[in-house]
Amino acid sequence: MSALRTGRAVLARLTELGVGIGMALLALMATIVVVQVGARNLLDLGLPWADELARFSGIGMVFLSIPALASQRVLVSVTMVPDMLGRRAQMVSAVISDLSVLVCAGLLLWSFAAFLPRAGKFLTPALQLPNYFYYSLALIGTALLAVVMAFRMIELLTGRLPELTDPVDIPQ
Amino acid sequence: KTTLRYGHNNEPASVAGAQADWFAEALAEASGGDMEVQVFPASQLGKLQELAEAVSLGTIAFSHNTAGGIGSLYEPFGALDTPYLYRDVDHLMKVTDVSSPVMQMLNEGLIAAAGVRVIYSHYFGKRNLTCNKEIRSPADLAGVKIRAVPFPMYTTAVEGMGAVAVPVDWSEVPTALATGVVQGQENPVNVVLNVKLYEVQKNLMLTGHMTNAEMVVMNESVWQGLSAAQQAAVQAAAEATRIKATKAILDNEEAETQALRDLGMNVIGAEDGLDLEAFRASVSTLVSERFGERYGEIYDMIGKIA
Amino acid sequence: MSLLLLTLFLGLLVLGAPVAVALALPSAVVIITEGLPVSVLAQRSLNALDSSPLLAVPLFILAASLLNAMGVTTHLFDLVRMIFGRFRGALAQVSIFVSLIFSGISGAALADIGALGKIQIDQMKKQGYREDFAAGLTVAAATIGPIFPPSIPIIIYASVANVSAVKLLLAGIVPALLLTVLLMVQVAIVARVKGLPRDTIRPKPIDVAKKFVVSFPALMAPVLLIGGLMSGYFGPTEVAGVTVAYALVIGFGLYRTLSIRRVMLALRETVEATANILFIVAAAALFAWVLTLDMVPMKASAFLLSLTDNPLLLLLLVNILLLAVGMFLESIAAILIVAPIIAPALVQAGVDPLQLGIVFVLNLMIGLLTPPVGMSLYMISIITKMPIGTVIRGVMPFFIPLLVALVVVSAVPALSTWLPNHLMQ
Ligand code: NA
Ligand code: NA
């Protein structure tokens, strides 16, 4: 049991780290965009690389933060039907939901394994970065997502039932 | 019966888009109905760069792209989009013919690096500058912001002409020109006409700073999987479409320039004092500074093609 | 293969799987069973996010989150309350008007509800409004938010339908004002018929002046934003970035209510909200790719155009379709899946792309209020601990102004197109 507890703590740290790096990438993105405005309007500089770097930050931010959202079960979902059917149904729904995230992450990893060996060396247009680098954060985030959800399944099999939280709000 | 997918980013009504349909028709005919091409225009299956990768991955069999775009799969291709590289359209067509020594060499590299082969390329147009301001020489462009495709070669062309190269997402180009985020852009005349850039730009400078070919690429495993007869059919359809598309663009170019004049654009050519020699000299200096070493050999080969 | 795709999607959705996964997993299953290259999963979803216009999504969320964190919401609410005075139903009118002002900062209906919902409903209840009315009004007024710029759904629509985001954002201004007026008219009528309470506020002129001064920097944010879009100093994504910078400057320099801790909280909120939305965007791109490969958009468009080629009738059909879609689909996913399918055909038939975008977004924002899948209903019920049933009862009457606005915006293209076309030439 203590191995499970350690695992849980490590994964919580890692997902938290993902969000932390996501926050840093967001701050970087905002800075790049403002610098771009200033450079163009004040210094007559176009900075063709800035947009690509901002997009790189955006992709990384999204994929590194998903594991935390998934492990807290706050990804947008429509729980109306399970909610109507009561606590047992909610429990089943939570398990199915976690399982579907796990399968999805696994398939995405498989896809990365097919995609990157071929397309990894292709270069991005502006910065001429290889895709290996450009998509590296997305790959790391997906791998973490898979590990987090797999661990969730192990916990479930060893008898730990899902804790149910309220559905959470997101801006749309 | 073999069904193959062709994805591209152009509107079906443009020549670049229509030529995909022409190719599909020509291939159906040349193969006696044995081969069918399903065309997905207008970025329905993904964005421009993504489509080039998709051909490499085998998701789709065909797509087309600029040489610069294919350069992201195999870098030396970028050389073919060098500004002021070709003597004329005829020279471009000879260089980009898949049987030319340059293209044979590049194609081998592309097949090895990405599993993609160029099956034909057609003339896509000469890129010209449009701007709110009248431009006659590189000096007129000092401090002027011009939207540039964010590829090093394209940025170099704009900077070489004396302007500030600014990246703007294609969907925002008309608005950015209207609000003044950028004062100008550069594209072939058919684009200026189709996207109605004449509504937001006063002057068209016939700088002709790039002569572009559009390259139609095919997944190599799909190609190798075809029978000899099918390969021959593809080659026949490719040759027919290449000629038809090039002719269509050439025929239209003059009429489109006139249409832009009629729509109120001020067209400035060499006879109106546009200093083409100065543009050529200034762009070429920057090009050889940035790309001379990397592409020198290819430039030599291209220069030797008569 | 599209039938399998849709069945699996609806199944997972009903079971409570995350919307993004309900979109991605069936797409993956179809891709694998059809023998298509599995690499397309990663390629398509990554490329869907690799988009400059979409960068505006996190930046606008961050700007709104920062402005909210420095306490401007309360100032705005107080100011409008003081100005409106003590007529019947005043506080309800104040709520609508504050939603309009706040919509100039925020790009999302749920963000508006999050920022304003509690104070609006608490104040109204305190003055004797019925709680279902207060909740209904709040969620109805929050639909103004994503119509008036900035707007997350408009940016996302613009990026999939290949329309200029700047023009489409500006196109939302007049319809948002119309919606505001219609909601106010409705409240005025209710105030007459049902006798809504008067406000109790009795401000001295000096208090109003003080409140105005303190609210002024926040009131300037929308001005900066719309001015920025039109001026040519910034593009749409850059405007979002500049608003973030502006919020930091006034938050640290003027209000002095921002702290590093609050900025970190805003960053965290933004990262989580953005990842949630853009995960759906990535998955929906994959879903739409499978539909396209199966020629669904082409067939659907051909079918639509075979019914009629009258732009007005087509828009009417689209409205009916979208109202139905909006009941069951989450709004962003709905835009991403439906827009590429029908927008090209409608534009080809002569519907203005800007008007179509606004009709689309307005319709799906109304969808936020329709059960069974109505995110705004969920949100307000979480915030206020009110049962969903009560909220739904409260929202009912407000469908009248919302649907009237939809009909008028659909019937009169100029409402959407005049302002952007006038400003951009
Ligand atoms: Na807004
Ligand atoms: Na709904």
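Cβ from N, Cα, C; glycine included.
Keep in mind that TrEMBL annotations are predicted by a computer and have not been checked by a curator.
The range from C:55-77, C:78-100 that TrEMBL describes as transmembrane segment is residues C:55-77.
Record note: among C:13-36, C:133-156, C:133-156 is the stretch given as transmembrane segment by TrEMBL.
With respect to Cβ pairs under 8 Å, the transmembrane segment (C:303-325) is most closely packed against C:395-419, considering the stretches C:168-191, C:212-233, C:239-258, C:270-291, C:395-419.
By the Cβ criterion (under 8 Å, sequence separation of 6 or more), the transmembrane segment (C:332-351) is not in contact with the transmembrane segment (C:212-233), since fewer than 3 such pairs are found. Here the transmembrane segment (C:395-419) does not touch the transmembrane segment (C:270-291). Their Cβ atoms form fewer than 3 pairs under 8 Å, with each pair 6 or more residues apart. It is C:168-191 that, among the stretches C:168-191, C:212-233, C:239-258, C:270-291, forms the most Cβ pairs under 8 Å with the transmembrane segment (C:357-383).
Within the model, the domain 'TRAP C4-dicarboxylate transport system permease DctM subunit' (C:7-415) shows a mean pLDDT value of 89, rounded to a whole number. With pairs at least 6 apart in sequence, the transmembrane segment (C:212-233) and the transmembrane segment (C:239-258) have 3 or more Cβ pairs within the 8 Å limit; the two touch.
Long-range contacts of the transmembrane segment (C:212-233) within its own chain (CB-CB distance under 8 A, at least 6 residues past either end) are made by residues 63, 67, 72, 75-76, 79, 101, 104-105, 149-150, 166, 169-170, 173, 239, 242-243, 246-247, 250, 254-255, 423.
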